[in-house]
Each structure stands twice: as C-alpha cells, then as structure tokens.
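Per TrEMBL, the features are:
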COMPBIAS  48-101  compositional bias 'Low complexity'
DOMAIN    104-150  domain 'Putative host cell surface-exposed lipoprotein Ltp-like HTH region'
DOMAIN    153-199  domain 'Putative host cell surface-exposed lipoprotein Ltp-like HTH region'
REGION    40-106  region 'Disordered'
TRANSMEM  23-41  transmembrane segment
Amino acid sequence: MSKKITGEDGKTYVQKKPFYKRWWFILIVVIIIFAGIRSAGASDSDSDSSSTSKEAKVSSSSQESSSSSEEISSSSESSVSSSSSTPQSSSSSTQSSSTSVPREYKSALNSADTYANTMHMSKAGLYEQLTADAGEKFSPEAAQYAVDNVKTDWNKNALESAKSYQEMDMSPESIRDQLTSDAGEKFTQEQADYAIANLPQ
C-alpha cells in the first residue's frame, strides 16, 4: 500500500511502493523464471537424447568396421598382410575426419535429419530451410554438408508429401505441380513422378 507523508511545506504526499515490490512486477519475474527453468529442462532432455543417438551411431559404425575387418582376415594370408594395414588406416582416417567436422556442420546435419525424416522435405527445400534467415541460418557450406550427408529416402519424402496433398482432395496433376514448384515443395520431377505413381487409390 502507499503511505501518506506530510512534506516540509505542509502538503500531504503519497509515497508509492518501488516497482520491484508491486504485484505485477513479481508476477512477471515468476513467469520469466518458470519459462527459463522449463526451457533449460527441455534442452537438457534434447541433448541427452541426441547424445544417446550419437552413441548408438558410433557403436553401429564400430560394429560395421569390425565386421569388415573380420571379412578381410578370412581371406588368404597374402591379401591379409597387404590389406590389414588398409582397414586400420581407413579407420583412423574415418575417425580423424569425423572429429575434424566443425560443430556447425554437425548441428546442421542434426537439423537436416529432423526436417528430412519428420517433415518429409525435399533436398532443395531442406537446403533453403537450413540457410534461410527465417529458418536455421546455417552457413551455405554447413547446409550443403548436411544435405549431402543426411540419411533419408527422397522418393519416400515426396510420397509422404503427396499423400498429405491427396488428403486435401487435390488432383494428381495439382499434386505433381505442388511437389515440383519452386514456391512449393521443390522435389525433382523424378521424385514427383514416383510419388504420383505410388499414391494409394
């Protein structure tokens, strides 16, 4: 509450609370703190899940390299002696190349994986999303690395997009136009043809 104070001149003045003691300021601070805690918790769970998926990818690639070295060891002795150094050198070059990939490129690849496999984007649409000012704002080099290295089936993405347009009662030719349009999905003509040919009737 405000206090009434009589000044030296005899007038009565109202002394207001400082802004930081007012109810609306406290409410704003509580909301900001709650939002900060919530977003910090969400980013922790995202990083945990991404680190788990990275560990799974690393273990699967190490299993693949060990199986390839077993195949090499089963061949003749002369080929083993000449090729046994090759897997080791290729493994070390693979490890050094994966560690030399910049963090921005890895982040772009993670984003590309999400866009390509959950939103079923085309290659060109994915590149645009990664580099757009209204999108992810990655460098063109990082976006190109991500588009080149993302694991997805572009034909399947075109088909999934076509199915969503089919649910809107669009004709096959309208769907094809939307899939290949520069203002639309930006799939290639071949990917659009595949999607139209495989749409459920």
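The backbone N, Cα and C atoms fix where each Cβ goes, and this holds for glycine too.
Predicted automatically and left uncurated, TrEMBL annotations should be read as such.
Residues of the domain 'Putative host cell surface-exposed lipoprotein Ltp-like HTH region' (153-199) grouped by DSSP class, helix first, strand second and coil last, total 31 helix, 0 strand, 16 coil. Counting residues of the domain 'Putative host cell surface-exposed lipoprotein Ltp-like HTH region' (104-150) by DSSP class, helix then strand then coil, yields 34 helix, 0 strand, 13 coil.
The average pLDDT computed over the domain 'Putative host cell surface-exposed lipoprotein Ltp-like HTH region' (153-199) stands at 89.
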